[in-house]
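Lifted from Swiss-Prot, the feature list:
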- 35-73: compositional bias 'Basic and acidic residues' (COMPBIAS)
- 85-127: compositional bias 'Basic and acidic residues' (COMPBIAS)
- 140-163: compositional bias 'Basic and acidic residues' (COMPBIAS)
- 164-181: compositional bias 'Acidic residues' (COMPBIAS)
- 197-212: compositional bias 'Basic and acidic residues' (COMPBIAS)
- 245-265: compositional bias 'Basic and acidic residues' (COMPBIAS)
- 304-600: domain 'Protein kinase' (DOMAIN)
- ILE310, ALA311, GLU312, GLY313, THR314, TYR315, GLY316, GLU317, VAL318, LYS333: ATP binding site (BINDING)
- ASP432: active site, proton acceptor (ACT_SITE)
Amino acid sequence: MSNYSTNGSRKIRISNSDDDSRETRFSIQPRNSHKTKEERYRDKEKERDHERHHDRERRDDRYRKVDSRDHRDRNRRSPAGSRTYCRDEPDRRRNNHSDRNRRDRSSERDRDNRSSKSKTKSPDSLRSKSSRKSQTPNHLPDDGKLFDRILDPNYKKKEKTVMEVEDVEMSPVEMLDEEEVSTFTFDDACGPVRPSNEPEEKDYKSEGDPESRPATPKTPLTPDYLENTIVSLNETLSDDEDKGPDDKYGKTPDKEQWESMTENEQKLHRDAMKKRREQRHREAVSKLPVYYPGLRGCQHISEYVILNVIAEGTYGEVFRGKNTRTDEVVALKRFKMEKEKEGFPITALREINMLLKAGAHENIVNVKEILVGSTKTEVYMAMEYVEHDVKSLIDKMRSRNQRFKTGQQKTLMSQLLSGIEHMHKLWILHRDLKTSNLLISHSGILKIADFGLAREYGEARDIEKRMKLTPIVVTLWYRSPELLLEPKTYSTPVDMWSIGCIMAEFIMMKPMFQGDSEPNQVHQIFQMMGTPTEQIWPDIKELKVWNMVEFPPVKPGQLRRIFKGEKLVNETGFDLLNGMLCLNPANRLTASEALQHDWFSEHPKAVPPEDLPVYPAKSELNAAPPENRRKNRLEALLADEEPERAALLRQFNVKAEQLKPSGFQLRG
């Protein structure tokens, strides 16, 4: 008979039996039986520790004696009265101390190894006879167990029980047998469920036969208000019932049908056509690929080859590059990432946003795409390439003692005002208009560039409700007087003042106000335009600097004396210039008003853009003008030539004055 008891992961079997031959019996010795041996072992360990400590002290004493003897001998060898200091002495003592510590650690490690070996017992077959005799009572041989049974007087009175300890891994929780799940039921109402008293639905071979299908059963989950809407599977809807109110107007009627309809029917037809058009639009949009904004979908800069550097500014540097696939030449602007830990530069975000919002306009530079490099700090913007900037063109003409003609001035100003008018209608301020930010192509098209300071503005009449914009904008020479006097807010007149300065530069071939500081710039403006008063500029008292500084009074009239006295512009042109350089921003001309000015309609007319002066661009490495422009000039020169002679000149692409007569003639 056997009894099993479970204790954690061990199972102990206790059996009652009288058969001693099949069972191995042993007695469990009391816990204090090997106490004497443990005490003896501890005493020996203490003695060994004491000996080790004594040996260590003797070794240290010997080292100290050697050190003192060496020191004494060194002092004897040194001259009398001289005190020397050996730099190597502290190092040698430190090394001796480290050697002693290393020897102590090695001795302790050897002692630990001996103790660990004493704990791990080897099998009886590998032990010596002496070690077998000195083994603990827990490892007594079978003969010892037999003697214990003989010498024990109470052995016969004890129960003949045998304890067998087996390592059996058993789960503390009783596991259930696996059962196949045949059916299950949802507790929540997630759909129509067959009632428990309803028989299972049979398979019907002919699915198309409506008579072989059973009627739709009612379920407890069907609400009362939906029972009337359930249609049996056996029923079929008629064509008239199947058509909804919109399906009746799903087809566009003919002209005769349309005329015969009433107004209500025509209205329903219009609504149906509108719904169909919106549905087609939604379907077309749904078929488009999903657009994921951000830099992750941008092309790599390796798609372009950088040809040369064009310029470097405050917020980035510009390169001339070529697309390796299309061979298109573009301008690549690399944004500066000086504080990349703070995120993408706000100036770069504004420039990209404003250029995209401005859209496609002939007089605004067009953005093609955003490119990324190998690192997060390499972000480029690909724009259309324009050969010149207006400032370099003016410098080139001034070095050759040339000026813009009146017709050329009108062409440049009309293009500039057209681009600014488009921006202001979209509520965009450029805030950095100057000749170096105006580009001009070989074909004479002017384009506004560098939107790094551009920003949207509001239309609120109340000055407190407008956006608070920073006054530190616009290059100093083109900055309006209200910006120099620190206003609370500003709007489109700041751009119009810059355009007035640019127009004066087109006429004079140099900047008009060249101040070296803000106070000096204000002084030059007031010397040219006169010191303003509260009568001509009522809102000037709200400017911060005006209330802090007292400006000397200057009478206006210097602007007229310069431009009219030197006959740089006629009266109509001066009126336009004076309207854009008005001190009071409320009375300053807008872009639309300037475009409608009489100066553009009077003689001389604006010349075509192709007739503007063009020079080889530095950004093109002194490349020649395009071929088609040379052909247009050649055609103009050949207009007065004879047809045969013109055809010959056109064939060889030469001018008439380049031909030299010769004495060769054909005899008839």
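These residue numbers are counts, starting from 1, taken along the chain as shown.
Just so you know, glycine gets a Cβ as well, placed from its N, Cα and C.
What Swiss-Prot annotates, mapped onto the structure for a quick look.
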{"residue": "ILE310", "record": "ATP binding site", "DSSP (3 states)": "strand"}
{"residue": "GLY316", "record": "ATP binding site", "DSSP (3 states)": "strand"}
{"residue": "ASP432", "record": "active site, proton acceptor", "DSSP (3 states)": "coil"}
I need the CA-to-CA distance for GLU312 (ATP binding site) versus the residue listed as 'active site, proton acceptor', whole Å please.
16
Quick check on the compositional bias 'Basic and acidic residues' (35-73): DSSP residue counts for helix, strand, coil, in that order please.
39 helix, 0 strand, 0 coil
If you rank the recorded positions GLU312, ASP432 by how many other Cβ atoms lie within 10 Å of their Cβ, the lowest count goes to GLU312
Roughly how many angstrom lie between the C-alpha atoms of VAL318 (ATP binding site) and ASP432 (active site, proton acceptor)?
17
Between GLY316 (ATP binding site) and ASP432 (active site, proton acceptor), how far is it from one CA atom to the other, in Å?
15
